[in-house]
Amino acid sequence: MQSAIKSVEYDRPLAAGAACGVGEAWAKVPDALAPDERDALKARIKALLVREKAVLVAHYYVDADLQALADETGGCVADSLEMARFGRDHDAHTLVVAGVRFMGETAKILSPGKRVLMPDLDATCSLDLGCLVDEFSQFCDAHPERTVVVYANTSAAVKARADWMVTSSIGLEIVADLHARGEKIIWAPDRHLGGYIQKKTGADMLMWQGSCLVHDEFKGIELDLLRREYPDAKILVHPESPEGVVALADVVGSTTQLIDAAVKLDAQRFIVATDLGILHKMRLAAPGKTFIEAPTAGNSATCKSCAHCPWMAMNALSNLADVLERGHNEIFVEAAIAQRARMPIDRMLDFAARHKQRVQASGDLQRDQALFANVGAA
């Protein structure tokens, strides 16, 4: 399969609190497949998963064909943390992670004895690219009195530099707990999610200035215009979005919680401000309801991501089949880094086990709003 190369610009912070520069990366864009090619690859992948004693673990943002394959073969389609938990607890010898690189690394850290493969090792994340370990470590060293809290969307090396790793599902609770104990915090890398948590908790947080290139593109002014066009629609927003977008939301939540909201709430129409890959699962979970993509650019403007992560798009049927056939693209994490990175991950998991209860929505938006204030994993 031939792949086009797409240039991708992303926020490139040099230090927390500093103005962002612009970084440039690239992503491969797989060619579209004919229906018979798709069907043949799906059948081949199913056979290879059995042969390799492997399980497919896919993120909500990857191609719908990969999500369907994971569901059909006893795998998992989930947010980043549940992907890692599922892989850790599954008895398969090989985990095939369809997502971006930090997800594969986290799976390997939690399952060091398993083989972890990815369709494309170059599938990365703007948050990861925008928070390099050497620069981040220098900033942390300049503020040794602060507790370092990093989001899941970071490299294993950055996690190894942290005191806590959080997903958005538990980030509010952990930061609130640290704040109640009088701790001051360094937060990285997503400035929008960090600002949302800071506003909710009142914590003293120094922010790294990274952003998700998909969510950073959503526009509050255009979203408000779309809301006026569809006044009956409820607005579902991921908290990596800018503050002006979050302010318009009926529900702020993770991928999992936004899907839950689409199912539980009485509305028949939703405007969705997150990666459009989620629409596959939303339509399956809430058939008959209408989902409208939130705008990612203003009048006459050109979107960069157009609401779909270019690196998530690198996961394709063809390279999934190839990695299972050849056994390449294996994820390795240096032992010392993995050992250090496991500590902040385990702290989060232990905290979650002690405190977290599954969010259940009743369908009453006024009653459920407090539930959705505690957002879920990316």
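Note: Cβ is positioned from N, Cα and C throughout, glycine not excepted.
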Exercise. Swiss-Prot records Cys125, Cys212 as [4Fe-4S] cluster-binding residues. Which of Cys306, Cys309 is assigned to the same site?
Worked result: Cys309
Seminar exercise, completed: Per Swiss-Prot: iminosuccinate is bound by Ser80, Tyr151, Ala152, Asn153, Ser168, His238, Pro239, Glu240, Thr255, and from His59, His280, His308, His328 the site also lists His59
For this session: Determine, from DSSP, whether Cys212 ([4Fe-4S] cluster binding site) sits in helix, strand or coil.
Result: coil
Problem set entry | Spatial neighbours of Cys212 ([4Fe-4S] cluster binding site) among the binding-site residues His59, Tyr151, His238 [C-alpha, 10 Å] | none
Exercise. Max Cα distance spanning His59, Ser80, Tyr151, Ala152, Asn153, Ser168, His238, Pro239, Glu240, Thr255 (iminosuccinate binders), Å?
Worked result: 17
For this session: State the count of C-beta atoms found within 10 angstroms of the C-beta of Asn153 (iminosuccinate binding site), not counting that atom itself.
Result: 28
